[in-house]
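Comments concern the structure below.
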């Protein structure tokens, strides 16, 4: 029996991140016998968690902005998302704490948003409204149109270029915010979102202001149990479909036939898993440079990948505190602590590769919403700081700098947000870009794969249907539509659009030779 025949009706998914799990669910619904392989000990990838001393640390994404995308996924698999996962709407969404003492609170309620803008800068109310109108236009084109179909052919790009021009995709996110409003606080509030998908707000295309419309239209939600609860529920659907989750298992290579067709994978222990369809949720850079290292490639060569711009790195400090549940009452679920510099600090991270003395921080306090995040009376936090990735000549040696940088982060949050927190910390874990490189096999330790600049977006990203190998498909942050929970879930939908239903197994009656009827025999 050939490997191709062995793999008929089987699909292998490399990586149990949200994109891989979404693809696996959809392939299971298409009739494939699916095996998901991941080197970690639990599903979720960057959206997984670790627990220490009763504190659950959500390692990556913390919010859900488009719950309808998840509900659609579940429904397409004959399931009800809301029976499997409990989502809690956030109100307010988050608070931005500026160094001059000003605060901006983002709400789902339009009247509250207008009042907040008017309080900070009355003259910018109309400009803010116009910005949100522009965000809606980009959402309708960029998310509902471009983001929901593959961009695998050059014509897919050419036919949308006029719309890109009309929407001023050449302008940066910050450039668009600057044009609409005059107040620097509001300019930050309208332009910082690309940092949550790995982009430099001063260079990322203004198409990404659509994130503001995502928040407005769908709200900001939190899953009880963290994003890990979503990943666990996805894995449960896959096994209920008859699929298999193989954790603590690393893939060594994607197997390719002489005629250029993916035929399965080889594990590190030498085991081969034949498959008709191979989906990689590993980072696109790792997929091509490592998993296809023995395959000649024409577009995604090592040299071309090395020339790409990768997203920034992340320094993330996870810590638990004792007896603090009633402390810091003005600190909610999500807070952004802004440093004294904006553009210059972003340039340090993305252009110069320098670890600056100042910083902007995202502070996540899930225990104010989710009692499962920490022991009763305690708190769980994660504090995230964007930092350079590992691709600079003057790169940061995190084995030396991690503790020093953590001390700087502690100083900022004690002074600005959580006074006295140092003496309350009982558990902690630190992730640096080196952790992202080693744990997630992320090129240069990038937090969000390829940076979403205009010439690294849509058709310019590694395609969902591999250009190098037939029968190989890519999902996750490094392919189309990009990073962020809605996009990686959407990448699973895109590959499912391109993959036909599994072949139906032959029934015994259909497979057996037809018996001659007496009449047919007599006629001979």
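The chain as shown is numbered from 1 upward.
Even glycines carry a Cβ here, placed using N, Cα and C.
All protein chains shown were included, and the count of other CB atoms within 10 Å of the CB of residue 32 (FAD binding site) stands at 26. According to DSSP, residue 32 (FAD binding site) sits in a coil region rather than a helix or strand. Per Swiss-Prot, FAD binding site is recorded for 12-45.
Taken from Swiss-Prot, the feature compositional bias 'Low complexity' applies to 507-524.
According to Swiss-Prot, the feature region 'Disordered' maps to 500-524.
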Other CB atoms, at most 10 A from the CB of residue 22 (FAD binding site): 29
Long-range Cβ environment of residue 12 (FAD binding site), under 8 Å and at least 6 residues apart: 34, 35, 36, 37, 264, 265, 273, 275, 277, 278, 279
Under 8 Å by Cβ from residue 17 (FAD binding site), same chain, sequence gap 6 or more: 44, 45, 46, 47, 281, 476, 488
